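What Swiss-Prot records for this protein:
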ACT_SITE  LYS93  active site, proton donor
BINDING   ASP37, 59-61, 91-100, TYR217, ARG236  substrate binding site
Amino acid sequence: MANLTYSERAQKTKSPLVKKLFTIIEEKKTNLCASVDVRSTSQFLDLIEKLGPYICVVKTHIDILDDFSYEKTIVPLLELKKKFNFLIFEDRKFADIGNTVKLQYSAGIYKISSWADISNAHGVPGQGIVAGLKQAAQETTQEPRGLLMLAELSSKGSIATGEYTEKTIDIARSDKEFVVGFIAQRKIEAKDDDEDWVVMTPGVGLDDKGDALGQQYRTVSEVVTGAGSDIIIVGRGLIGAGRDPVAEGLRYRKAGWDAYLARLS
């Protein structure tokens with residue numbers, strides 16, 4: 001469905017979460033997800049305040065925050081979500097058996113299922129990981145929740161390729177109600193008419209090509225126009241040292257939207 005508009009896909013999908021996501025993308029004219037990896041809550045919230053108008057999703061690693069508290073971190077985060085109309089994606093990368101991930105998702109100090117619209121998981125444990133996370137979501141909230149499976153990664157030497165990727169896609173197909181898409185480097189082809197996977201792609205940069213820790217960057221046009229991804233995930237390109245988050249937010253939003261329009265044409 002790479003040649004359908006986000007609006008057309010919003011109308012077609014059976015998933016309330018995906019419908020909400022594509023509607024936000026269309027209304028705000030942005031397919032940009034901001035990855036906000038900082039260690040203080042004040043900086044975290046300040047960056048989201050600045051980037052909010054330009055993004056459809058904010059991606060968190062909530063356990064990075066040194067001063068996390070539900071009241072001082074999550075409550076204001078949810079207020080920003082309402083103010084700027086974006087979804088929250090906690091990049092937790094669950095990777096354990098069903099019962100364990102159920103608790104990791106819903107309990108502890110973070111209570112992820114209570115506030116994160118989207119989370120993600122590795123396929124290593126098998127289908128039980130999907131069942132455990134879905135059960136936790138159903139037991140803790142009435143709000144729509146969705147899971148992305150990690151089909152491919154952007155880091156050098158990743159083993160999430162070939163047969164592993166295909167088996168992860170098979171796991172996703174075991175529950176197409178809760179699993180809404182993938183972290184991947186390219187569009188995941190639909191097997192039948194009821195499939196329309198959301199693909200979010202990390203490792204996107206307009207300036208840098210990589211880092212010393214194995215990250216590899218591709219351009220926005222390579223990812224969206226060429227590979228058919230739906231949402232670009234950008235972190236250091238927006239909030240890295242010396243960067244102006246507002247200027248970069250505008251820049252990446254325009255680049256992402258232009259690449260999407262080029263794909264449609």
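Just so you know, glycine gets a Cβ as well, placed from its N, Cα and C.
A map of Swiss-Prot features onto the structure.
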{"residue": "ASP37", "record": "substrate binding site", "DSSP (3 states)": "coil"}
{"residue": "THR60", "record": "substrate binding site", "DSSP (3 states)": "strand"}
{"residue": "ASP91", "record": "substrate binding site", "DSSP (3 states)": "strand"}
{"residue": "ILE97", "record": "substrate binding site", "DSSP (3 states)": "coil"}
{"residue": "TYR217", "record": "substrate binding site", "DSSP (3 states)": "coil"}
Can you tell me how far the Cα of the residue listed as 'active site, proton donor' sits from the Cα of ASN99 (substrate binding site), in Å?
15
Just how many other Cβ atoms lie inside 10 Å of the Cβ on LYS93 (active site, proton donor)?
14
Given a 10 Å Cβ-Cβ cut-off, pick out the one of the binding-site residues ALA95, ILE97 that has the most other Cβ atoms nearby.
ALA95
I need the least crowded one of these binding-site residues (THR60, ASN99), counting other C-beta atoms within 10 angstroms of each C-beta.
ASN99
Position of peak Cβ density within 10 Å, selected from the binding-site residues ASP37, ASP91:
ASP91
